[in-house]
Amino acid sequence: MQANSRAYFLLIAFISFGLVGFALYLQFEKGYQPCPLCIMQRFAFIGIGLFSLLAVIAQNTRSLWQGLGMLSGVGGIAVAVYHVSLLLNPKASCGIDPLENWVNALPTAKVLPQVFYSDGLCTAPLPPVLGLSVPAWSLIWLFILTLTLAVGLIRREKNFR
C-alpha cells in the first residue's frame with residue numbers, strides 16, 4: 001500500500017506539473033498569452049502538484065496535504081468555470097481586467113515573470129486544442145485531479161475505520 005500511495009501522489013504531481021509545462025509550451029511556442037485567470041489556474045495546478053509531493057514526503061500528515069491539494073483544485077475549478085463562462089459570453093467582460101494588476105503585483109510575477117506575468121485578455125479568442133478551449137481543458141483536468149484526490153482521501157479514511 002505504501003508504494004501504491006507514493007505512486008498515486010507522484011502521478012498526480014507529474015500530471016499537474018506536466019499541464020503547467022503544456023501551458024508554457026502554448027505560451028512560448030504557440031503564442032498564447034496568459035490572462036489573469038490563466039495564471040490563477042496555473043497556481044491551482046502547481047498547488048495540486050506541490051501538495052501531492054508533500055503527501056509523498058510527509059506521510060504522517062498525508063491527509064492534510066491531500067486536503068490542501070483538493071482545496072487548490074476546488075479554487076482552480078471555480079476560476080476555470082468563470083473563465084469558460086466568460087468565453088461563452090464575451091459581452092460579460094468589460095475588456096479591462098482589474099485582476100491583471102493584482103496578479104502581476106504578486107511576488108511570483110516579479111520572480112518568474114515568464115511563467116506568472118499576465119498580459120493576455122480573458123476573452124481573447126485563441127485556437128482550440130483538440131476541439132476545446134484551453135480553459136475548458138483546464139477545467140476538465142482540475143476536476144479529474146481534484147476528484148482523484150477526493151476519492152483517495154475517502155478510501156484512505158475508510159481504511160482507518
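Sequential numbering from 1, following the chain as shown.
Glycine residues also receive a Cβ, built from the backbone N, Cα and C atoms like all the rest.
Residues annotated as disulfide bond in Swiss-Prot: C35-C38, C94-C122. Look at Swiss-Prot and you will find 1-8, 59-63, 156-161 tagged as topological domain 'Cytoplasmic', backed by sequence analysis. Swiss-Prot lists 26-43, 82-136 with the feature topological domain 'Periplasmic'. The transmembrane segment feature in Swiss-Prot is assigned to 9-25, 44-58, 64-81, 137-155.
On a Cα basis, C122 (disulfide bond) lies 5 Å away from C35 (disulfide bond). Counting in whole angstrom, C122 (disulfide bond) lies 8 from C38 (disulfide bond) by their C-alpha atoms. Under DSSP, C35 (disulfide bond) is assigned to coil, being neither helix nor strand in the three-state scheme. Same-chain neighbours of the topological domain 'Periplasmic' (26-43): 20, 72, 75-76, 79-80, 82-83, 86, 97, 99-100, 102-104, 108-109, 114-122, 124, 126-127, 129, 134-135, 138, 142, counting only residues six or more beyond its ends whose CB sits under 8 Å from a CB of the stretch. Neighbour density at the Cβ, taken as the number of other Cβ atoms within 10 Å, is lowest among the disulfide-bonded residues C35, C38, C122 for C122.
In terms of DSSP helix, strand and coil, the topological domain 'Periplasmic' (82-136) has 29 helix, 2 strand, 24 coil.
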